[in-house]
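Here TrEMBL flags 52-125 as domain 'Phosphoribosyl-AMP cyclohydrolase'. According to TrEMBL, the feature Mg(2+) binding site maps to Asp99, Asp101, Asp103. As annotated by TrEMBL, Zn(2+) binding site applies to Cys100, Cys116, Cys123.
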Amino acid sequence: MTDAGSAGATGLSAVAVPLTANPAEVLEKVSFSADGLVPAIAQDSANGEVLMMAWMNAKSLEQTLLTGRATYWSRSRGELWRKGETSGHLQTVEQISLDCDGDTVLMQVSQQGPACHTGTRSCFTGRVVASAADRSDEGGQRA
Ligand SMILES: [Zn+2]
């Protein structure tokens, strides 16, 4: 039973700190796709709201672990991007989980400002395209 010891990490909200002493151990557990990517979901640690989803490769996940700031891989630009680097809307990562088969990353984050580049709180805010209420319209049509 080893313990990393008390690093005196108090007040995590403002200051980003590394999340683990050994990113390699985390990376080993992740099941990356054939093109080396894994979807990463950012969730507001305060209320559980799903803020956004983006892609990570091993390098961006490592950077996230080392810096405590959510860092993604831009498929369109082919480069790492630290969330908020240009907008100031940083995501300070408080906890990272993998799903049951290790192919999805879930991050609990402290989000500064809007998470979406369009300015909405989350990437899903105001973008409902279907809801259970729609069923009443079509339910009688099918045999
Ligand atoms: Zn968005």
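Cβ atoms here come from the backbone N, Cα and C positions, even for glycine.
Remember, TrEMBL labels are computer predictions, not curated facts.
All features noted in TrEMBL, drawn onto the structure.
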{"residue": "Asp99", "record": "Mg(2+) binding site", "DSSP class": "coil"}
{"residue": "Cys116", "record": "Zn(2+) binding site", "DSSP class": "coil"}
{"residue": "Cys123", "record": "Zn(2+) binding site", "DSSP class": "coil"}
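Proximity of the binding-site residues Asp99, Cys100, Cys123 to ligand 1, judged by a Cβ distance under 6 angstroms to any of its atoms, singles out Cys123 in sequence order. Neighbouring residues of the recorded Mg(2+) site, listed in sequence order and excluding Asp99, Asp101, Asp103, comprise Ser31, Leu98, Cys100, Gly102, Thr104 (Cβ within 8 Å of the Cβ centroid). Taking only the Cα positions, the spacing between Asp99 (Mg(2+) binding site) and Cys116 (Zn(2+) binding site) is 24 angstrom. In sequence order, Leu51, Met52, Met53, Ala115, Cys116 make up the list of same-chain residues 6 or more apart from Cys123 (Zn(2+) binding site) whose Cβ falls under 8 Å from its Cβ.
Ranking the binding-site residues Asp99, Asp101, Asp103 by how many other Cβ atoms lie within 10 angstroms of each Cβ puts Asp101 at the bottom.
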